[in-house]
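One structure is given below, encoded as structure tokens.
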Amino acid sequence: MRQFWLLQRPIFRSSLYFRHNLTKSHYCAPIFGMTENITTPASTVKQIGDNKRLSSTVADPTKQTKAKKPKLRRYKAKKVDATSPMGVLEFEVNDLLKSQDLSREQVLNDVTAILNDKSRVDGPIVLQYHREVKNVKVLEITSNGNGLALIDNPVEPGKKQVVIIPFGLPGDMVNIKVFKTHPYYVESDLLDVIEKSPMRRDDLIRDKYFGKSSGSQLEFLTYDDQLKLKRKTIMNAYKFFAPRLVAENLLPQFGTTVASPLQFGYRTKITPHFDMPRIKEKKLTERPPLGFGQKGRPQWRKDTLHIGGHASILDIDECVLATEVLNIGLTNERRKFEEEFKNYKKGATILLRENTIILDPSKPTPEQLTEEGSRDENGNISYVEVEDEEHNVKLAKTCVTNSRQIVTEYVDGYTFNFSAGEFFQNNNAILPVITKYVRDNLQNSTKDGENESRFLVDAYCGSGLFSICSSKGVDKVIGVEISADSVSFAEKNAKANGVENCRFIVGKAEKLFESIDTASDRTSVILDPPRKGCDELFLKQLAAYNPAKIVYISCNVHSQARDVEYFLKETENGSAYQIESIRGFDFFPQTHHVESVCIMKRV
Ligand SMILES: C[S@@+](CC[C@H](N)C(=O)[O-])C[C@H]1O[C@@H](n2cnc3c(N)ncnc32)[C@H](O)[C@@H]1O
């Protein structure tokens, strides 16, 4: 089962929230898990339609009008991908219930009662549910980095509620404010930490927005604990989405997560944004906050509560995760925004993307900054100089703000050009580490001997990162990519790096099999799909092609686990493959994200 129905009805807030803290996210978060008694029945829909038609006819004054029966509000079902954060949460809640010997029935909330409370803002039932709860013991941490705990159901004695607590760590004792109710869990804000988990290390916090911003959410963990947590996320993903592989003992020991060489100042792209406030005139008189989303309404870090303001978007003037030049760019663009905000009619996002220039040491740096970049208050392009000692080159970093401008990244001695707004991996420091790992895990010997030709297919190749970085060890590379723009950059990048054995195809990944001409037993395949993972059609054709080795790289380990199980258990030749290794790469330190690499070998 690759998708299932979840619920969507996010309206349960306390009056306080409604008046002061109404945010888009409070409107949009979906509810999961309750399929019974939820959708509006067909008869009700018809009746609403009929009523509409009746109301347009002329009323007969002799007939007494019947008092209208108040409509019962019901949940609306919404399809959610099981491997999306909402889908994964369902597995995590079930896992918690299992560990606590509780059934789903025992934590089911009466959402209908809240929905139909007299006032959905501060009616008596709403206020019972949306309350402060003291001395809550945090039991688990989710793959999204939130604490999970159990609290008593405030309305139905004997029943419990599963509560999500942002910034809660297993072992913490906390006070919380519940503000939203879903059928199988409630959401809360952290008010106070009464007893600290041994994992909690406040002395490590560097981000002044920590505890409010959705950015550096794991900063209060040692880096080692962050890596362990990401390994657990990968193990759980396979437990949830590849249960047959677990049951049949087909999974290897999960590797330790590979650290990022930089744990701060690594992001090469950030996108601060602002919302248009709800004002009648649609004309800004005050600069709106420009930055990143606030994570709930936490109050636990009393000293820093005022920093960044209190709106749903925090006003952020520094990003500890972004590179130095992006932070300089942020200062420049904020200054510009201060002067220009009145011209905006709606909210907008500002792109800040790092660009690299290989310097000629005999010439002054400013002379070599020929491409546009974010400028300082004197109108000069801001830059930072960096030495690449390994390749003995001097680099200048600038900050590009135009999404159509071509930018350059320098990875492992190769240069890559792409449009600033297009996809490119976001942590330059870890790229040489992962490209080497991928290279080392391609087929390196054949049954027939060392001298046989070897080939590489790079599915979802983007602008050619893995194709080009792996091109030396193989005779021929075929890359496939849906974005024609990225393919044209991949071709240009191969040429500019003097790589002559790469060919790129525009199209869906499965288009590859129309023209593939390499011997499958001497071909390795790299898969690096978007978050949703691979199509079943592609996986079937991949199995029919039957390559010697598969290196599956993924930014969503949950869809990776699902695809790996499908490939091994549901496709023609899948059973001929063995999983050699699975391990994470920490592309995003201080956040819950993890890149997972699974290596499969035909045996
Ligand atoms: C995670 S990125 C990886 C890109 C590249 N491997 C890299 O590391 O720079 C996924 C890429 O898959 C492409 N893509 C998305 N759906 C696709 C499909 N159905 N077939 C082929 N490519 C697709 C996207 O345009 C994107 O460039």
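Glycine is no exception: its Cβ is also placed from the backbone N, Cα and C atoms.
Residues or ranges marked as active site by TrEMBL: Cys555. When Cβ atoms from all protein chains are considered, those within 10 Å of Cys555 (active site) total 18, not counting its own.
In the three-state DSSP scheme, Cys555 (active site) is classed as coil. According to TrEMBL, the active site, nucleophile annotation covers Cys555.
Following the DSSP three-state reduction, the secondary structure of Asp528 (S-adenosyl-L-methionine binding site) is coil. For Gln425, Tyr460, Glu481, Asp528, the entry in TrEMBL reads S-adenosyl-L-methionine binding site.
Excluding Gln425, Tyr460, Glu481, Asp528, which define the S-adenosyl-L-methionine site, the same chain contributes Phe423, Asp458, Cys461, Gly462, Leu465, Phe466, Pro529, Ile553 within 8 Å (Cβ to the Cβ centroid), listed in sequence order.
Recorded residues Asp528 (S-adenosyl-L-methionine binding site) and Cys555 (active site) have their alpha carbons 8 Å apart, per Cα-Cα distance.
Whole-number maximum of the Cα to Cα distances across the S-adenosyl-L-methionine-binding residues Gln425, Tyr460, Glu481, Asp528: 15 angstrom. In terms of local Cβ density within 10 Å, Glu481 ranks first among the binding-site residues Glu481, Asp528.
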